[in-house]
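Visitor: Just passing along the structure, written as structure tokens.
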Amino acid sequence: MLFSFRAIVLFYCCMLTFAGIGFLWNPKFVVESGLVALIGASMEVKPLIVTQDNLSTLALSGLVFLILGMIYTISLLQSNFLFFSGITPIRAIFDFILTGFIYLKKEHIASNSLTFTFAFCDLMWQFWMFAAMSEERAKYLKNQKKAEELAARKAREVEES
């Protein structure tokens, strides 16, 4: 793999935190960014227009992104591989369904360029994390096997004494 699993997750945490701060600080900057416009236009999804009515929704989205960034950062610092191996496929399936729904139902209220860009980019990151997870999974299983062997050896030593 070009980047390690930890590097991919760390960059993903930074992106979530940046998006969260962007939505809280200046949501118009995030909504009107080039990536959102490019992906939205390429999929022919209507653009989201920032108004006074949807500022609270964008701020709530910013808080959700910040919380997600903190959850992923804490799990990364704890080396909680089981969290990532459980949540990554679920998030990928959810993002795939959301992306397909937005593309097929272009008149729905949730179908806009910002939502599609988030779902598409998040799907890309989840697949990338899942692909990089194979190396991490091998290390985790190796450490688990060593821990089980050590526990069995200690149990035999206790029985012998």
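Note that Cβ sites are derived from N, Cα and C of the backbone, with glycine treated the same way.
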Visitor: Using the topological domain names from Swiss-Prot, determine whether Val50 and Lys146 lie on a common side of the membrane.
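Guide: Domain labels do not match for Val50 and Lys146 in Swiss-Prot.
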Visitor: Taking pairs 6 or more apart in sequence, does the count of Cβ pairs under 8 Å between the transmembrane segment (113-133) and the transmembrane segment (7-27) hit 3 or more?
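Guide: Yes, since the transmembrane segment (113-133) and the transmembrane segment (7-27) share at least 3 Cβ pairs closer than 8 Å, they count as touching.
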Visitor: Are there residues at least 6 beyond the ends of the transmembrane segment (7-27) whose Cβ is under 8 Å from a Cβ of it, and what are they?
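Guide: Those are 50, 55, 58-59, 61-69, 72-73, 76, 84, 118, 125, 128-129, 132, in sequence order.
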Visitor: Residue counts in helix (H, G, I), strand (E, B) and coil for the topological domain 'Lumenal' (28-56), per DSSP?
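Guide: Result for the topological domain 'Lumenal' (28-56), in helix, strand, coil order: 15 helix, 0 strand, 14 coil.
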Visitor: Can you break down the topological domain 'Cytoplasmic' (1-6) into helix, strand and coil residue counts using DSSP?
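Guide: Looking at the topological domain 'Cytoplasmic' (1-6) with DSSP, the answer is 2 helix, 0 strand, 4 coil.
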Visitor: Restricting attention to the topological domain 'Cytoplasmic' (1-6), give the mean pLDDT.
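Guide: Here the mean pLDDT over the topological domain 'Cytoplasmic' (1-6) amounts to 84.
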Visitor: With a Cβ cut-off under 8 Å, give me the same-chain residues at least six positions beyond the ends of the topological domain 'Lumenal' (103-112) that come close to it.
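Guide: Answer is 40, 43-48.
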